Number of protein chains: 2
Amino acid sequence: MYLYSKNIYFPNQIKREGYLKIEEGVITGFVTNIGSESFEDYENYLIIPGFIDQHLHGWGTGSFGNDKTHHGLLEMKKHLPSVGVTSFLATSGAEPIEDLIQGIKTSCEIMETQKDDGASLLGVHLEGPFVSPKQKGMMREEFFRDPSVSLMETFVETQTVPNAIKLMTMAPELPGSKEVIKFCKANGIQINIGHSHATFEEIANLKEYGLGGVTHMFSGMRGFHHRELGVAGTALFFDDLYCEFAKQTGMTVKPEAFQIAYRLKGPDRIIMTTDNTAMAQLTQERYHYIRKQTFIPDGDWFVIRNDDGSEQRYDRTDYEQVKHLELSYIESIQNLIKNVHPSVHDVIKMTSENCAKYLNVYDRKGSIEVGKDADLLIIDEDFNIHATYCMGKKY
Amino acid sequence: MYLYSKNIYFPNQIKREGYLKIEEGVITGFVTNIGSESFEDYENYLIIPGFIDQHLHGWGTGSFGNDKTHHGLLEMKKHLPSVGVTSFLATSGAEPIEDLIQGIKTSCEIMETQKDDGASLLGVHLEGPFVSPKQKGMMREEFFRDPSVSLMETFVETQTVPNAIKLMTMAPELPGSKEVIKFCKANGIQINIGHSHATFEEIANLKEYGLGGVTHMFSGMRGFHHRELGVAGTALFFDDLYCEFAKQTGMTVKPEAFQIAYRLKGPDRIIMTTDNTAMAQLTQERYHYIRKQTFIPDGDWFVIRNDDGSEQRYDRTDYEQVKHLELSYIESIQNLIKNVHPSVHDVIKMTSENCAKYLNVYDRKGSIEVGKDADLLIIDEDFNIHATYCMGKKY
């Protein structure tokens, strides 16, 4: 199969007027002449690498957070390509230990059997349970635990796919964290600081053992202060720490605050995610303190009750009805572009390349290069998605 | 008079192996050959512009804050050259209106009669009285006032030297501030935001009328938060706002916080000051909440009582005894250099050039150029002061 475009974004260069050759889901060449062979014509579109979302609990009709059967992840894989995501990490929160173990098992089963169906499941992101009650955000404190190497061993032993657990979010100020950080480093698990009240000193002392970044920058962390930099200030200070940003709604992080972080960290150290949850798949009523809404599951229906008493009802099994309940990955990127006007290559870094490097999958994801998976977005100049390819399959 | 050096710091260039010619307090030339004329030999020293301190209430044996007679300012003028300061603003705090008026009168008298004796008094910085009780810091709330154009008119009419009032620190969120800002703009008075609880929106809405910078960045202001940037975040966000930093003790602003601001603002938008007070000249007992010490005036003596009960006593009239009670301008710059490793030219921007431009005296201060006042520091490579020239006079 050949894809033609005038704008194919290889690393550090734009290939003009040529054909990407794709065979068995992999990019096998870039050629400027294919004779009389047929091709998909994307002449005036841009071809960029698909987005990688390392932090999402669910999307639309699929919730890994609330459903540890295959169903949740399969729904996510099915619908994520429509919002630009071609690979992702199944992200758990602070949950009962047996649910976390089941989540790792289920993720490994999906990774073994469904590799080329929809978005690629790259592995697992454990957001907790080693997080701080002082920065719980929307997390359920009853499932928080102090860092434990034996529990980490249990998680790692549960994997039936090597290195399925790719990332963990933890609070490094908790007792026992140093041993857990070292264990993760030895087992290929990146550590993000998140839901953490750590000080600059606490982070600086542990950083060398394997702290690589921060989770949903500015949220769930001690904020920046000029006498105590906190997690936020420390993330801004150390050039090498990755700042993961949740979706850019403008609500949780003001665009100007994002811009300040962008100027300091640069496109090489920002990783865009959504932290989406598939709201409509909630199993328990919850109040969202920033949106000022109560989310109520009601059989096949999902109800949003606003603080003024008004309600909206949605069929939770209908993707078209629920897909607008949260800002999608592509919508978040469109907002990002409005705020900081990055180059297309800088967008690629923040949405794909940095994350692939951080998760150690840059050998097959994160850029358009010969030999890599054909995870591609066909977009117009305003970043509207025209088509998505996951492992060479068009969605 | 000629000064010889291998390193004379003109704007954007270092003049090598030449002679600065100084006549009647003014730099009148740079020449490479003076025949057999005599000269001061600073061969291996650096010659840079003298420091300008736009924010100091007192120094050593002289307190403008507590003494509105000539004595306070004359003592400051006499001793400031030894710490590198060749010109400064007499800075008042929130004080009784009659004291503020007397301060303006006294400053004008000094400016009229003592121009070439010691450090140059450039004018007045009114830190208050239009400041916010929510960010009072060490200021005395009983003297805070809402912004008033008629009071500003009184201040301006008090001037016997045109444009003696060069800078005012105010809280723009207070009622009536817009008219005062416009009045100041029309009268050549720069406005710093300080002791202010203003939001991003409040500042953004008033900025165009004449807000030029912030006073002692990070202190006395609403701190940076990702949903409300506050004065600190707003100062980091807008490229054109000057950030004035008080002396770099490392106590009030951590070096890492300073570095974050430095990376964002750059050397072109930072103005170093001391905010020194001539502690030993206090007239009333005060407790310093950061130093955890009580300062007690006792006749000609000044007593510091630590929280543990121990005391130190100083003869308040003896400069050698009291000069170490506060970090000096040059010591603050030595700390700054340790923290961010700026070039000498960047240090000059932050200590002299930016301030001279901001206060509209760059036609005669703030750089080494032919036609400008001979306010010079002779320093070694570690920024130790070897000699100071104020208007061509050596100190």
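Count begins at 1; order follows the chain as displayed.
Including glycine, each Cβ sits where the backbone N, Cα and C put it.
Curation does not apply to TrEMBL; its annotations are automatic.
According to TrEMBL, B:Glu127, B:His216 bind Zn(2+); the candidate from B:His70, B:His71, B:His79, B:His195 that the record adds to this site is B:His195. Following the DSSP three-state reduction, the secondary structure of B:His216 (Zn(2+) binding site) is coil. Reduced to three states, the DSSP call for B:His195 (Zn(2+) binding site) is coil. Taken together, the residues of the domain 'Amidohydrolase-related' (B:47-393) have an average pLDDT of 96.
In this view, B:Asp275 (active site, proton donor/acceptor) is surrounded by 23 other Cβ atoms within 10 Å of its Cβ, with every protein chain counted. Take the mean position of the Cβ atoms of B:Glu127, B:His195, B:His216, the recorded Zn(2+) site; other residues of that chain with a Cβ within 8 Å of it are B:His55, B:Gly93, B:Gly128, B:Val131, B:Gly137, B:Met139, B:Thr169, B:Asn192, B:Gly194, B:Thr215, B:Ser219, B:Gly220, B:Asp275.
Straight-line distance linking the Cα atoms of B:Glu127 (Zn(2+) binding site) and B:Asp275 (active site, proton donor/acceptor), rounded to a whole number, equals 10 Å. Per-site Cβ counts within 10 Å over the binding-site residues B:His195, B:His216 peak at B:His195. Separation of the C-alpha atoms of B:Asp275 (active site, proton donor/acceptor) and B:His195 (Zn(2+) binding site): 13 Å, rounded to the nearest whole number.
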